[in-house]
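Engineer: The compositional bias 'Polar residues' annotation in TrEMBL covers 354-363. TrEMBL lists 29-231 with the feature domain 'Neurotransmitter-gated ion-channel ligand-binding'. The feature domain 'Neurotransmitter-gated ion-channel transmembrane' is assigned by TrEMBL to 239-327. Marked as region 'Disordered' by TrEMBL: 331-363. Annotation source TrEMBL lists transmembrane segment at 232-256, 262-282, 294-316.
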Amino acid sequence: MLTIFPVVRTRLTEEEVEEYQRLANVTETVRGILHGYDIRLRPDFAGDPLVIGMSIEIASIDSISEVNMDYTMTMYFQQTWRDPRLSYTSVPHNLTLDGRVAESIWVPDTYFLNDKESYLHGVTVKNRMLRLHHDGSVLYGLRITTTAACQMNLRRYPLDEQNCTLEIESYGYTTDDLEFHWKDGKDAVIGWDQIELPQFDIVDYNVEQKVIQFSTGAYPRLSLSFRLKRNIGYFMLQTYMPSVLIVILSWVSFWINPEATAARVALGITTVLTVTTINTSVRASLPKISYVKAIDLYLMGCFVFVFAALIEYAVVNYKYFGSKPKRGEIQLASTSSPSPPARRCRRQRREGSNHSMGSVGDNSYQQVNFDELYKVQATL
């Protein structure tokens, strides 16, 4: 047993020494690469434009806002280029280095032209990846969340389709210094098939390479555009079906007795206020734009229908009750102006009393007078 332990200890020591030597070789390689490296100069300075390939993997599209006209997207953004100053031969494999090494080498000044706010994820460390190859090729990856502007045309809302873009450009280098291109063409952008949005479907996407002319020169630009089609299901349940039912409910008042004033007025006002509430809730989720949207025309039509039902009852009420005299007017007329038989009866009674004082024996006249009086009283 005493002779075995020294042998095992000798083998472990040899493995540890080999590991230390390998790490020391890598350390010397990295130190040699960075020694005398000038971060201020791009690769092949004053030579041909440096070709930079880019690719994007979409992690998620977090939100699409019609009010702010923007979208928020999280992605893995990779850039590749070749820097001869970073080539090496002393190590037989590629070097994946800590992301902090990126602060010691030259990297492109890429930015997103139409972004409103972007940030680099930093949990648990800054999400950066740097990989070096033997020939000096560099792979630089970042995990970024960006909120980018997306100008939307809402005239057909909610039956609309929107086209949003992500513009990638060099801030300071012109086409004399840098040349941008998508690494694998349209396949440089992946992850669309995994994206699920609550209100949209991603119909298609496209990539494009441009050169944009400014007063300071021509700059390279890459464009990623994707077409979004809005799902109508949400609006069928939240807007269209309730408004249709409210309009039908307003028509129920046509079958209510016109004399039921309280029921018909309450139903009409309730339907008008409900359509107004639906219209207000729809407007709250949209920006304050000057042109008319499709949903505005639809809700305005619903409002006209329910309001017309209320106006219809006002017309019916005026025609039905407005032509009849009021009860107080009937009583006043009956009191102030007695009927002709009553007036004739009183006149005959006065005349009869005069005749009775002159000739008491005129019984026929008195009989007629009392009969007429009886008829008038029966009529009243």
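Each Cβ is built from the backbone N, Cα and C atoms, and glycine gets one as well.
What you are looking at is a predicted structure, and each value in this text was computed from that prediction instead of being measured.
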Engineer: Per DSSP, how many helix, strand and coil residues does the domain 'Neurotransmitter-gated ion-channel transmembrane' (239-327) have?
Structural biologist: 70 helix, 0 strand, 19 coil
Engineer: Can you give the mean pLDDT for the domain 'Neurotransmitter-gated ion-channel ligand-binding' (29-231), rounded to a whole number?
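Structural biologist: Over the domain 'Neurotransmitter-gated ion-channel ligand-binding' (29-231), the predicted model scores a mean pLDDT of 94.
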